[in-house]
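**Student:** Please read through the structure below; I'll follow up with questions.
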Amino acid sequence: MGKGDVLEAAPTTTAYHSLMDEYGYEVGKAIGHGSYGSVYEAFYTKQKVMVAVKIISKKKASDDYLNKFLPREIQVMKVLRHKYLINFYRAIESTSRVYIILELAQGGDVLEWIQRYGACSEPLAGKWFSQLTLGIAYLHSKSIVHRDLKLENLLLDKWENVKISDFGFAKMVPSNQPVGCSPSYRQVNCFSHLSQTYCGSFAYACPEILRGLPYNPFLSDTWSMGVILYTLVVAHLPFDDTNLKKLLRETQKEVTFPANHTISQECKNLILQMLRQATKRATILDIIKDSWVLKFQPEQPTHEIRLLEAMCQLHNTTKQHQSLQITT
């Protein structure tokens with residue numbers, strides 16, 4: 001695996017439970033499974049706390065994942081500290097596996113909640129969505145995009161607060177400005193950045209991704225947030241993702257709401273602002289200032305708002321003189 005400074009080297013062993021024991025982690029039951037490995041509960045004996053251990057098999061994982069996406073995921077998570085993001089503690093590498101030690105969210109995920117209980121009340125949807133908004137505002141203010149927002153990546157702690165997880169497609173958006181520029185001036189260039197790595201699930205993907213076009217990753221995040229909010233209050237996805245051509249057609253139209261759900265007009269308006277074409281789509285700054293979100297917001301993220309406002313102001317001033325950057 002590349003970027004060796006990201007990981008701690010671990011002794012070679014065939015049994016990952018034995019290796020985890022050496023580091024003080026007593027591995028328990030599996031709580032999640034993915035393409036390249038599984039997530040387990042574990043007890044960290046040195047601090048007497050429960051954690052989550054994501055164990056990735058190098059044999060199952062692709063070279064692209066091991067050499068590009070996994071190091072990027074760890075690098076991103078190492079710089080993040082926010083109450084609505086899953087905390088990263090450490091990463092350990094052996095000859096056959098990579099172990100990522102994370103904060104444990106003991107309440108399952110929001111998708112499981114919806115499948116069990118159905119649509120959220122609007123106050124509960126407002127609570128969870130405003131927490132999601134605060135977490136994404138924090139990311140975007142640091143020029144970081146998630147690119148895989150979906151209900152199953154919104155975990156719940158024991159108090160049923162949202163914890164955004166799975167940063168496998170997250171990235172720090174590059175800037176073409178010299179290091180000597182002010183941080184805010186360098187950051188603003190992210191708004192002129194387009195991605196061409198087509199990440200995430202079709203059901204949550206913006207129309208630009210579905211059409212295979214370079215896309216603004218900040219606006220792809222806010223589209224996914226629109227899908228999430230719709231599903232919270234309706235209990236099903238806004239678009240049929242079983243057929244790609246049908247999905248693409250549906251995402252070009254204004255989303256409709258079922259008559260048998262009581263949803264406030266404020267909530268509907270916000271969803272419509274997020275589920276629209278990129279040139280008119282709400283940014284995270286628009287969302288965080290929205291009247292419906294403000295009713296449920298536990299606190300005003302004044303630092304993030306100031307950063308985002310400065311970035312938007314600079315972007316609007318300089319965008320005519322900037323060329324688009326396209327990366328993966």
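Note that Cβ sites are derived from N, Cα and C of the backbone, with glycine treated the same way.
Look at Swiss-Prot and you will find Asp148 tagged as active site, proton acceptor. Summarising the annotation, Swiss-Prot assigns ATP binding site to Ile31, Gly32, His33, Gly34, Ser35, Tyr36, Gly37, Ser38, Val39, Lys54 and lists sequence analysis as the type of evidence. Under the heading domain 'Protein kinase', Swiss-Prot lists 25-293. Annotation source Swiss-Prot lists phosphothreonine at Thr197, citing similarity to another entry.
For each feature listed, report its degree of burial, its nearest neighbours and the pertinent distances within the displayed model.
**Tutor:** Counting only residues at least six positions away in the same chain, the Cβ atoms of Asp166, Gly168, Phe169, Ala170, Cys199, Gly200, Ser201, Tyr204, Ser224 sit under 8 Å from the Cβ of Asp148 (active site, proton acceptor).
Taking the Cβ of Val39 (ATP binding site) as reference, residues of its chain lying under 8 Å away and at least six apart in sequence are, in sequence order, Ala30, Ile31, Gly32, His33, Ala52, Val53, Lys54, Ile55.
Within 10 Å of the C-beta of Thr197 (phosphothreonine) there are 16 other C-beta atoms, taking all protein chains into account.
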**Student:** Check each residue in the chain of Gly37 (ATP binding site) that is at least six apart in sequence and keep those whose C-beta is under 8 Å from its C-beta; list them in sequence order.
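**Tutor:** Expected: Lys54, Ile55, Ile56, Ser57, Lys60, Ala61, Arg97.
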**Student:** Within its own chain, what residues at least 6 apart in sequence put their Cβ under 8 Å from the Cβ of Ser35 (ATP binding site), listed in sequence order?
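**Tutor:** Result: Lys60.
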**Student:** Can you tell me the mean pLDDT for the domain 'Protein kinase' (25-293)?
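**Tutor:** A mean pLDDT of 92 is what the predicted model shows over the domain 'Protein kinase' (25-293).
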**Student:** 10 Å Cβ neighbour count around Ile31 (ATP binding site)?
**Tutor:** 16
**Student:** Taking the residues the record says bind ATP (Ile31, Gly32, His33, Gly34, Ser35, Tyr36, Gly37, Ser38, Val39, Lys54), how far apart in Å are the two Cα atoms that sit farthest from each other?
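**Tutor:** Value for the max Cα separation, rounded to a whole number: 15 Å.
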**Student:** Report, as a single number, how many Cβ atoms besides its own are within 10 Å of the Cβ of His33 (ATP binding site).
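**Tutor:** So the Cβ neighbour count for His33 (ATP binding site) comes to 9.
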